[in-house]
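Colleague: The structure follows.
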Amino acid sequence: MDFDRSNYSTNKPVDIAAIGEATTASVLFIALSLVGIVINMFIISVNFHSWIKGQSMNPSDLLIVSLAFSNMVFSVTDGVYTICILVIPFGDVEDQLYLLYIVMVYVLFCNSWLSACLCFYYFVKISNVKPGYLARLKSKINTLVPRLILVAQGFSILNSLFYMPVFFKENVENPTNQTQNITTYRTDDFYNVFFLLINCYIPFLVILVTTSLIIASLYKHTRRMQQNMGEVGGPSLKIHQRAARTMTSLLILYLLFYVVVLGSSLLIKNELLSWVYYLVGCTFSPIQSIILIMGNTRLKKTFVNMLNSCRKTFGEEDNVTT
């Protein structure tokens, strides 16, 4: 994998040199990073405010806050990366981009594991299980979630540190100065596949399996209730359906992201695919954060109230001006 100003993920080079020359595209990428920062700060602040008021945070809230913090770090790093490409002269920024790159690798790994933990938590809480191992796990899952978060963070940090030594420097021709070479970082494709398999595709399988089982279980449960009582279900079923929608949305998001990553590995010379690859990376954090907000009652209610307040405020200003 090349590490230069056109690459920022655990994959082969993304040719954003041409993209960086387009002011509109660069502004778009920075704007998406700012949106991601604001949305994730909203998630963290709402939960922190509730905690200050004495309201307890359940395990799903802890997982969502951890994901929000991870996404915020990703958006900040992504924005700084784009600014570095625009501001710092080519050939003078390799070491800085290398550090940013490692942070992005850590965030990608951590995001994948935390999302898998969230889906696993929903699966254990929602599933109707008979006495056995899963039933015992269900009774202890609330106390296990903080440990899962720590394990996910620690495992991601360790994998990021192990990932750093596999880079080696390589001198390549400077596209702006044919007489002067520049230094880039490369790593063997085997290590890319290995680390992606452990830290991305295994968590994706956890999301896929748990989501599929929950959808199948809820479908059977809903059909049974409709046949026996002619009802769609009560509040409990609605909570389960909301969790299933959140899990399905996360599954689709990660599927899209990994398909683009795989496509960029095979068709990296395609300029359009390179642009899509970078765009998907920039939008990943805000989209995932919106999914988390829509799947959480407290966050969704606060978000809707803020929108209504803004609508009333701007509506009153329009009435005054007219």
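Keep in mind that glycine also has a Cβ here, set from the backbone N, Cα and C atoms.
This is the feature table in TrEMBL:
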type     : residues : note
DOMAIN   : 39-259   : domain 'G-protein coupled receptors family 1 profile'
TRANSMEM : 27-50    : transmembrane segment
TRANSMEM : 62-88    : transmembrane segment
TRANSMEM : 100-124  : transmembrane segment
TRANSMEM : 144-164  : transmembrane segment
TRANSMEM : 193-219  : transmembrane segment
TRANSMEM : 250-269  : transmembrane segment
TRANSMEM : 275-294  : transmembrane segment
Colleague: Of the listed stretches (27-50, 100-124, 144-164, 193-219, 275-294), which one yields the highest count of Cβ-Cβ distances below 8 Å with the transmembrane segment (62-88)?
Modeller: 27-50
Colleague: Please work out whether the transmembrane segment (27-50) lies in contact with the transmembrane segment (275-294), by counting C-beta pairs under 8 angstroms that are 6 or more apart in sequence and asking whether there are at least 3.
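Modeller: In this chain the transmembrane segment (27-50) contacts the transmembrane segment (275-294) - 3 or more Cβ pairs sit under 8 Å.
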Colleague: Below 8 angstroms Cβ to Cβ, which residues of this chain, lying six or more residues outside the transmembrane segment (193-219), approach it?
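Modeller: Distant Cβ neighbours of the transmembrane segment (193-219) are 10, 108-109, 112-113, 115-116, 119-120, 122-123, 126-128, 155-156, 159, 162-163, 237, 240-241, 243-244, 247-248, 250-251, 254-255, 258, 261.
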Colleague: Considering every residue in the domain 'G-protein coupled receptors family 1 profile' (39-259), what is the mean pLDDT value?
Modeller: 80
